[in-house]
Each structure stands twice: as C-alpha cells, then as structure tokens.
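Right, one structure below, let's go through it.
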Amino acid sequence: MKDCRETESNGGNGNIKRECDYGDRCYRKNPAHFQEFSHQHLHSLLETFERKGLQTLPEDFKAKVSRQTVLEQLNILRSLKSSTSHNTTTDKTQASKLSVGLNETRNVNSENSKPSSSVESSSTSQRKRQSSSTDIWSSSEKGPPEQKRSSPHQSGSSTGNHFPSIGSSMGDQSNKGTKDSSDVPLSSEEYRKRMQGARNMDVAMEYMQDVKKRSQGNICEKHKAAAPYYFFLTSVTDSTKTHKEPLTIQLFDILDPSLGDLESSLQINFMVEFGWLMAQYYTAQQCGKPITLLYGEMDVDKFKCPYITAVNVKPPSPFGSHHTKMCVMAYKDGSVRVCVHTANLVESDWDNRVQGVWLSPLCPALPLDTDSTAGESPTNFKQDLILYLSAYRLPELQPWIGKLRRADFSHINVFFVASTPGSHKGVDAEKWGHSKLSSLLKRHVQITPKSGSPPPSWQIIAQCSSIGSLGPQPTTWFCGEIKQAMSGGMGLALQSMPPIRLVYPTFDNVAASYDGLLGGGCLPYSKKTHEKQPWLQQYLYQWKSDNRNRTRAMPHIKTYCRVSPDMSQVAWFHLTSANLSKAAWGSLTKAGAISILSYEAGVLFLPKFVVGSTSFPIKGEVAGNVPVFPMPYDLPLTPFSSKDVPWFIDNLY
C-alpha cells in the first residue's frame, strides 16, 4: 500500500510531508499547515467521501475533534488537491522563482501537548526546529506574511454535519443577517487563487488584508475611546461578533503606526513562534525595526537576524517559568507605550482563545534637562516597571531602562504588580507577588458597605487558565494566605474574610468550544493534581461569557477581583499572567519571606486612581462620568453542577 503522505498529500510533486504530530487530534484550519504536514486520517476520509459521493459524515464516525472541524479540514484538503492538479505546471515555475511563500512560515501549535513544569502546557519544547522563515528575515527587512487561516474558514462555529462546498459560508450561525464585505465567502475560483497564495506573494498580501479587516476603524481612535481603562480582549476568530466590538484588539493592532512611529520594541513572553511573530510586524508595516526578545521557549533554536536581540530566560527553579507577557514600544520622538497582556506570542493564543490586554496611553519624552526621577505616576508604575526589568540583571535591558527613565508616566492610572524568582525578605517582600497586591489593597481600597451588605459579603473571584498544587486543605494556601492577601482594604479587620470563588472551565465547557476538546490545550490542570485537592470542587464556577460573545472561546486570560453582593460593582480588578499557583504568586516562609518561582506581570485597577471613586460600576449605563468596567465573563457566576468536573489536560492523551 502506498504511503498517503507520498501520494494524496504531496499532489504528485515528489515532496514527502511529515505527518502532523497531533494526528487525528489536529484541530488546525490553516491551509499553510496542511501544505506543510500530512494528515493520513483526513486523506483516507476524503477518499471515502469522493468514492462514495458522501455529503455528510457517517453517523458512526467518532471524531477526536468537533465534527465541524473535520468537515472544514476536508474542505481545505479538497481545495488544495484541486488547486494542485489545476496548476501543477504553474506551481513548479512559481516555486522556482519565488523565495518566499506562506508555506515557508511554520505554524507550531502551542500549549496543546503536555503540561510543562510551569503548569502551562507547551508543545514548542517538543517541536523545536529551525524555521525556514528565519533566513528570509535575516536577509531582508521585508519578510513573508503568515497565512493563518483562509478567508472562507475564518469562522467555524457551525455545528451541522453537511460537508460544505468550497467557498460556502461557515460564519457564526448566531450572527446571521447582513454582512459586510469582510464576511462574504470566496467563490471556488477565488478560493483556488487564494490557495496559490501559499506560493505567490501578491495573493498572500490579499490574505493579510482580509485578516486586518477584523481591525475596525482607526486603532488610535479606538484606544482613546477605551479610556480610562484601556482594557481590551483579543479577537476570537470563530466568533465574528467579537471582530466588531470596540474593545477587541489583535497583536498587530498594538504595533499599528497610528499609535506612534515605532523605533524599536521589547517583547517579554513565555512561548514564541518566531515566524508568526515576525508576520505580525510585517502586517503592521514594522519590518526591520529592532526587537529585544526575552522568552522562555521558542520554536527555533538558532536564527540570524541583525535587528533582533533574543535572550532565553530560565528561572533558577525547574518548577518556575518565565511566564510574563508584556511589551514596550519605543517611538522615534522618545515616547513609549507599555502593553501588559496574557497571551503567548503564538498563533493559537490569538486565535480562538480569550486573552486580556491593557495598552497604556502614550508616555511622552521628558524634556532633556529633566531629572530622571521625574515623570512618575501616582501609582509608581514607572518605578515598579524599572524595578522589574532590573531584576533580570541583563545588559540587553539597560537601554530599555534608560528609555523608561526618560519618559513621562505621570498619567498612568494603574499599578504594575509583578513576580520575580527568589526568597524576598523584609522591605523587599512587599515588592512582589501576593505581598505586593496585599500591600496596595490595604492602603488604597475602601469598601463602603451598603444596607445589608457589610464588607465580608463582597466576594473575591479568581479566574485563571491553570491551577497549581494548593495543598491538602483549603486553609493551606487558597483560603489561607492568598485569600487573606486579596481580602485587604482600608479599615478592614483580618477577621472580615469574604467568600472566594474560582472560575475555571468544565469538561462540557471545553467540549462545546470552537475547537472542541483541543480547545482545552491551554488549560493544563491535571487530574492527578485535582485528586490531591478534592476540596477545590466546592469553589469552582463555569466559564461563561455570553455578554462578550466568548463563551465558546476558552479563557487563557487570568483575572482577580472583588465584587459587590448585587454584582453591580467591583472594588478592584487585576489582570495578570499569574495563574492560581504558589509558583506564580509566592508562598510565605516561616522566616517571613515570600518565596516565588516564576516571572509574572500584571496591572491592578483601583477605582481611587482610575475614576476617583471607591468602586467601578459593572452594570447598566455610564454612572455619571464613570464608564462601566468591561468584565470578561458573565455575572452572576454559574456554579458547577453535581455532574460537572473541571477540565483536565489528561483528556487530550
């Protein structure tokens, strides 16, 4: 029997493709991925469809991903096969002439293999390889765009079992009605041309423009309209309604020229897909601008690129991780802008997952004769950010520390709360982790009781994408030091301990997601860990985000807040990279120090500094001049039922 990878998958051109590492669990809907990797189970299924003239999946077909995903994948394969046979001669000629193509940009699924020691799953460590895109980027200031998903497949939320024809709409079925040009599906001929885009730069650029249509209007104006919170969620590919939300953003939006004339940028992150990251700069028209990249894991081992300085950061402990996710943009006029978010620099994190993004206002350059200690914000944001960067002790960061010192942060209204590895004692203890958060809450949060709602009834809500080992009893850490740290406020006694809730997806939440069970690849909580802390079940609540059109997009965002009994106000809100773990937040030692294993970063919104009040409204219309704070999930929370179980990463193996 002939190897499927040598026949159907290569279009007869003699190129043998490597089988996709995920096999029948692959959920990708990216044509470039299918041009690079073989999927034998899909080729066999496609042969069955064509031989028997099937239009639907057999009822007894058991898919490892959603049935709709399989149908879309089959449609892509059929289109690629048709395009290959129709343009064999042309393709060979073009392939010999063109040095770049979308098929040269490698797409590596992230956080979908097995959990790393840092409790965030990672596949890049298993699939490290040299990306062919690196040579392209090192030899030219211009590089190839990334083909992420072809336009007809940008939205795949339909749950029907009919095999869609090429070019048929697969839009969000809950969003029927008049669509603008960005939602119009391609005809079969147009789609065939789009497939040639994998070998044709001109058509490739058309694809990039299709992706950019998700950006609604001028990014600079959108950012101004987001004041005073500047808090966004990322666009969800398969939820078309999110594409038009005013508080939706994408990575290349953050790099958009309308926000400033970019001179250089600093990217600090855990996992990086190099080719995909470069494609974002390309899309934002920022090629060739110097990049300093601090990372934990990356899908290429070596690359030559004169304008990229990359540093692999490894925490001292094998149980820690370089988990921070942020960037700093430096502009040619000396101004800077800071972005703190929750997404890895990998394609899947910016696809069908929920991520949070805080993008600062512009911080202009200080006058040349100004003291470097000037330009501080009321929240000491500048000082705390510089302290965090200094903790790396890297010479590569010294120029960036200098840029920050020369910028005016006086109008920044949030606090920078970070974690760095080490045992922090004395005055240093309150600079990091939950000790830092606790210190700020005690000094600046004021919970004003309403009739019948004393402070303890303001519940704490934690929401994360991974859960660490919290101990055999609730009081060991979860209802002990971390709850105590988040219970603080001006004049509140320690005994005024509020209830605490934890938002984390159930198995059914994940199964119903846009990517089916594979959507749980970013949720690396293990069954083994849960069995050691069964008490946690009583604190769990489901992921639900109907109000933001994101219930079926799995949350990689991490947030912590304190909510009033009537669910109308929050006393504070924290967006961070820190999951619910001792490694991220720290644990207190007998000597009074706080021991932290990982690098983390987040921003804390306190009403006193953001809106000049004691709370943020989260319901109704604008209260006076105070806009409603954009919560990422629905309130009131939906508890786990008696039959619900949390999602375990073990379900993927």
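Any Cβ shown, glycine's included, is placed from N, Cα and C.
Bear in mind that the values here come from a model prediction, so they are computed numbers and not experimental data.
Sequence annotations record features per position, and here TrEMBL assigns active site, nucleophile to His323. For His323 (active site, nucleophile), the count of additional Cβ atoms within 10 Å of its Cβ stands at 30 [all protein chains shown]. Under the three-state DSSP scheme, His323 (active site, nucleophile) falls in the coil class.
Positions annotated as active site, proton donor/acceptor by TrEMBL: His556.
What TrEMBL records for Lys325, Lys558 is substrate binding site. Within the same chain, the residues at least 6 positions away from Lys325 (substrate binding site) whose Cβ sits under 8 Å from its Cβ are Ile268, Asn269, Phe270, Val340, His341, Thr342, Ala343, Asn344, Ser577, Ala601, listed in sequence order.
The annotation compositional bias 'Polar residues' is assigned in TrEMBL to 82-106 (among others).
Residues annotated as compositional bias 'Low complexity' in TrEMBL: 107-125.
Residues annotated as compositional bias 'Polar residues' in TrEMBL: 152-176 (among others).
Per TrEMBL, the feature domain 'PBZ-type' maps to 17-41.
The feature region 'Disordered' is assigned by TrEMBL to 1-21 (among others).
The region 'Disordered' annotation in TrEMBL covers 82-190 (among others).
In the structure as shown, the Cβ atom of Ser581 (site 'Interaction with DNA') sits within 10 Å of 25 other Cβ atoms. The annotation site 'Interaction with DNA' is assigned in TrEMBL to Ser581.
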List the Cα distance (Å, whole number) between Ser581 (site 'Interaction with DNA') and Lys558 (substrate binding site).
12
Can you give me the Cα-Cα distance between Lys558 (substrate binding site) and His323 (active site, nucleophile) in Å, rounded to a whole number?
12
Between His556 (active site, proton donor/acceptor) and His323 (active site, nucleophile), what is the CA-CA distance rounded to a whole number of Å?
13
